[in-house]
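Novice: Before anything else, here's the structure in question.
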Amino acid sequence: MFKFAGNVIALCLFLSPTPTFRKIVKKKSVEEYSPIPYLATLINCLVWVLYGLPMVHPDSTLVVTINGAGVLIEVVFITIFFVFSGRPKQRLVIAAVLAGETLFVAILAVLVFTLQHTITERTMSVGIICCVFNVMMYASPLSVMKMVIRTKSVEFMPFWLSLAAFLNAGVWTVYALMPLDPFIAIPNGIGCVFGLAQLILYATYYSSTKRMMAERQPMIGLSSAVVHTGSEKVAQQSA
């Protein structure tokens, strides 16, 4: 029951940034959004796909399917981020991290299948690595949280991603306690703390964000009016 619910919520977690990316495509700019959460989620899904393979941890079909779906979703999001990033340095960083993640998983797979010959050994080694990257995925919004505290604005911290992360971690933590599975319980327990911290930040700075965005609107309108008036004067002079 909890495992099925965990997979449904995990899919919601992977899809939760969709409104953010619709906004990016519409504006043709990533603005101040960070690619770190999506890159962290991608490497997390890749190592969990490896963990769920029958040669590593048998009877883990749901682990492979949900994380395989996560890989495809994150690749789409990162591609969109790459296309609409106006900063060459940021594109270079994204490309370098993607190459590093791919190389890491490939080397890990080769080492596991050549140096370890039992299911127990493979489960232990890949499981530990999965724990590390699972924690990194949940901790990846820390840079965004720092920006939120500095600017007192949650404009660039997606709410649905934070909520889905908290719910996903909560469900998997409960599942891992019956019976205890430390590979799932530890990272998701930590994920609960990070997710809750994001939601508290969102609640704290939601009002100030709305106020700042409302104050910005008249300025945007005034700028548009000035540009429009200037264009009319140029047109009149040309006539």
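Even glycines carry a Cβ here, placed using N, Cα and C.
Automatic prediction, not curation, is the source of TrEMBL annotations.
Okay, these came from TrEMBL:
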TRANSMEM  62-85  transmembrane segment
TRANSMEM  92-113  transmembrane segment
TRANSMEM  125-144  transmembrane segment
TRANSMEM  156-178  transmembrane segment
TRANSMEM  184-206  transmembrane segment
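Just tell me what is around each of these and how deep it sits.
Specialist: Residues 35, 39, 42-43, 46-47, 50, 55-56, 78, 81-82, 85, 122, 125-126, 129 of the same chain, all 6+ positions outside the transmembrane segment (92-113), place their C-beta atoms under 8 angstroms from a C-beta of that stretch.
Non-local neighbours of the transmembrane segment (125-144) in the same chain are 34, 36-37, 39-41, 43-44, 47-48, 50-51, 56-57, 108, 112, 116, 156-157, 161-162, 165, 169, 182-183, 186-188, 190-191, 194-195, 198; each lies 6+ residues outside the stretch with a CB under 8 Å from one of its CB atoms.
Within the same chain, residues 2-3, 5-6, 9-10, 12-13, 16-17, 19-20, 31-34, 37, 138, 141, 144-145, 147-148, 184-185, 188-192, 194-196, 198-199, 201-202 sit at least 6 positions outside the transmembrane segment (156-178) and bring their C-beta atoms closer than 8 Å to a C-beta of that stretch.
Long-range Cβ contacts of the transmembrane segment (184-206) within its own chain (Cβ-Cβ under 8 Å, at least 6 residues beyond either end) map to 130-132, 134-135, 137-139, 141-142, 145, 148-149, 152-154, 157, 159, 162-163, 165-170, 172-173, 175-177.
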